[in-house]
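The next block holds one structure in the form of structure tokens; read it before the comments.
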Amino acid sequence: MSSAVRLEDVYRTYGAGDSEVRALDGVNVEFPEATFTAVMGPSGSGKSTLLQCAAGLDRPDTGRVVVAETELTGRNETSLTRFRRRHIGFVFQSFNLVSSLTAAENVALPLRLAGRRAPDGEIRRALSSVGLADRLGHRPGQLSGGQQQRVAIARALVVKPSVLFADEPTGALDSNRGREVLALLRGLVDELGQTVIMVTHDPVAAFRADRVVFLRDGRIDGDLVRPTADAVAARMTSLEAE
Amino acid sequence: MMLDVALRTVRTRWVSFAGAFVALALGVGVITSIGLVMAAASAASDGLGVQRFATAPAVVQSPSSVPVHTVKGVSRQFAARPPALDAELISRVAATGAVVADRTFPAQLAGAASGQVGHPWSVAQFAPYRLAAGRAPAGPADVVVPAGSGALGNRVSVLTRQGRADYTVVGLAEPAGFESALFFSDDQAATLSPKVDALVALGPVDAVRQAVAGDADVLTGPDRQRADPATVANGFRSVLTLLGVTGGIAAFVSIFVVSSTFAFVVAQLRRETALLRLLGATPAQVQRTVLAEAGIVGAVSGAVGCVLGVVGAPLLTWWLRDQQLVPSSFSAGPSVLPLVLAPAAGLAVALVGVAAASWRAGRLRPVEALREADVEATPMTRGRWVSGLFLVVTAVAVLGWVAVVQPKIATIPLLYLGVLLLPVAAFALLSPVLTPPLVRLVMLPMRWSSGAGPTLVRANAVAAVRRTAATAAPVLLTVGLATAMLGAVSTIDAAAMCEARQRVLAEQIVVPANTTQLNQEVLARVRATGAVVVAPAAMSGYTANARGDIHHFHLAAVDPIALARAESVPVTAGSLSALDDGGIVVSTDWNLTVGAHATVELDTGDTLSLRVVGVMQAGIRGPDAYLSAAHAADFPIAAAYIAPGTADTAALNQAVAGLGARVESRAVWIEGTASTAFRASWLGLLAALGISLVYSLIAIANTMVMAAAGRYRELAVLRLTGATARQALAAVAGETALVVVVGVVLAALATVVDLAGLSVALSRLTTDVVITVPWPTVATVAGVSFAVAMAAAVLTAAAGARSRAAMPE
């Protein structure tokens, strides 16, 4: 199985002098295609930085990032943006919908930003696949949190991304709505062969992944394949205790 | 696509854009109004038509400029009193055909409104003036007066330069709009005013031109308008200047307000912009979106501004008529140019104002969308540093140059205004740097307060530096503009009065009453009481220095002995008593030393070659040089100063009775006449500045509404943390108060720079300069700014708290 995302010797430091923070301290990790990987770690372990570097939102100081067999290192902002909008989808904890646009328009936005047509059928399909076929014309303010997150997922999927990145996608939802969203992501991997990389601190969420990668102080600290929630929780407890 | 997103953003984020919209629409409205009135005034000034010589084929007149000789060659300069036509030239023209000589001289019916002039009857036919009744003046005691100011056969008193004389009304002329004239027989007019001011030539125009041979202007067709009395055209010209300055200030204020408002909108939309970047918008796309947003707002508000301008123009016209700055018949109709230019300028201002902000928006990193807080790392962009520091340097350089090299500019309101604005603009640009330390300073007294309020207020103001600076900016502008202007007016006024107090020794001053100048009879009668009188005859002329620079100076022809008794002239070298017919006492502005040679080319065309016998300190008012009374000729005399102890007031009053003059005490004269003329020009300006002040007050409200509306979410969080509604509003009020105080302090700093420059300039003109600021007025402006800001912020926040559930999104 080839890898969808590969990080090689990635270092990323913020600030300078006394306030220097080593967010990533020599990270080597691969995320295979059509798998669901969770990235976990205590607060400040570098989870979000890892995700942002892998997604081309942030640039490593040194090291390589390869997504869909394309090297991201050394590209300028415009070129990175073009790459991202073709190959990468995002889902975030705060759903980040444009409040002035309807659900359908939010979903169409990435296509239109890329200068592509956004056929109604395609938009409708994307929203149906997250179970929101009847909410096309609603504004974010008129939708529940779970519905908003599903619109965000539809928006991420509409460009048919090589990789879908999710940063704490259930963080702002109650447990029932959170479970629905996780089931949706799981389904994408199983049924469509979508690659999903999710940052979370919730062992219940991580349990739905194929593999959990642990991060501590900016370094990879082992992984668990086919994890159980208990194993994940135990591992997290030990990470946080150290 | 981007236009589509832009349109939607504009439509739904209307609170943010409403601010920019209001700022721009009002700015365009003000500029359009001013533009419409200016266009009308300009057209009215051009369209006055030929008046005094409407039916004359050609008019020969001295050019309204005189040649001034310098080392670089001859330069022609404006002459307020063009030279008379000489007899030789007149006889040359007379050889080509019939000629009629015109003379224009002060001739005032006792009791009529000031400013009447006299003419020989022969030129009346060319206006044309028509007799409503009676006959033409023939004898030396005949006069034709405007219908309505006398009855045929009446004996009337007429005041001329010579004094009072009685005439018999033999005819009534239908009044003309451009002047109020009395007509005398040609011989009597020649006696009263030997100088020929213009010559109507009835011979063939080509022959006339040939005869004149370039020694004077031959005016035909519309050019004959140049021979009309200057008052009406001058009136329009000064209105145009006034409106030009008002428009300039309004433009300055609107560019300032609009660009800071747009920057504010862009900053408020930071998260949404970053989100677009996150979803795949390239930096260029984001930049284009922001520009498109500005374009949409600019276009729509430009159109609305046009409508406002058309509504506002009659109001401005009404004010100008009310101030008697324009004739009551003046009105501003529609004209194309302002209606096209003002909105186009508005659109340009919107785009230019947003250019920097759009660039910043384009540079936003997508991950910024994921951040919650409003903390800004770099509120000062490089462009802002560069332009801010550039303005600081320019402001200091210009203020310094005026203070050291050209102190007189500080006393010319129209010129000095632009200088006063520079520090205000500089402080506005640098405000993000100055805000955090200022906030800490202002909050210092509350440092040990244990309440959550002060901590929260200080933290908010410092964390969102750009927002604090942006909301403080209109306060800085309003208070800074008012304080600098009012401070400058009263400081100059105080310095001028102080100078007058030092210089004027006379206890009584005879001034014109209902006439434009003192006549010879008044002076003779006053002297006859035994009073020692100095009556400076005011003239002006040009002199060139060794480098070829031309300076325009006001001169006064005086009796130096009397002058020394009635005025204390601050002579620094040589002496006043040495002033003989070939001498001159110059001010330090001339840069000449005693014994030097001075050539003065008067605007009457005469050249005086003089020797410097004394040098005196340059002053704020008063003449730049004294000549001997031998040069007085018929130059106007605006006041006669009586040497102390040489006359009693009752005798003086009796002497001047009925001669168009009155006696004023020293105190009254210093308080009144000394400062009236000067104050009037400043006040006209200040009244016009009112437009800009009202506009910037609206900008304050506008920015405060925008800032408060952008913080509903923050307030909701505050409520959730346990703040009562009252506490949340108190936090808003506290921060608003802080912002206003920061703005006022910045304004105070700008004013200190302004007034420091002014005081250095004035100290070079007079000795006791005391910086005077009209505190009550300044406090009122600051108080109104405070009230407007507070009302806008608290009402918006309260409305937001009511209309929304207290839950953060």
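Cβ coordinates come from backbone N, Cα and C, glycine included.
Annotations in TrEMBL come from automatic prediction, not curation.
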Range annotated as transmembrane segment in TrEMBL, from B:290-320, B:631-661: B:290-320
Stretch with greatest number of CB pairs under 8 Å, the transmembrane segment (B:290-320) reference, B:239-269, B:340-362, B:415-439, B:475-497, B:728-753 candidates: B:340-362
Mean of pLDDT values spanning the domain 'ABC3 transporter permease C-terminal' (B:688-797): 83
Counts by DSSP class (helix H/G/I, strand E/B, coil) across the domain 'ABC3 transporter permease C-terminal' (B:688-797): 93 helix, 0 strand, 17 coil
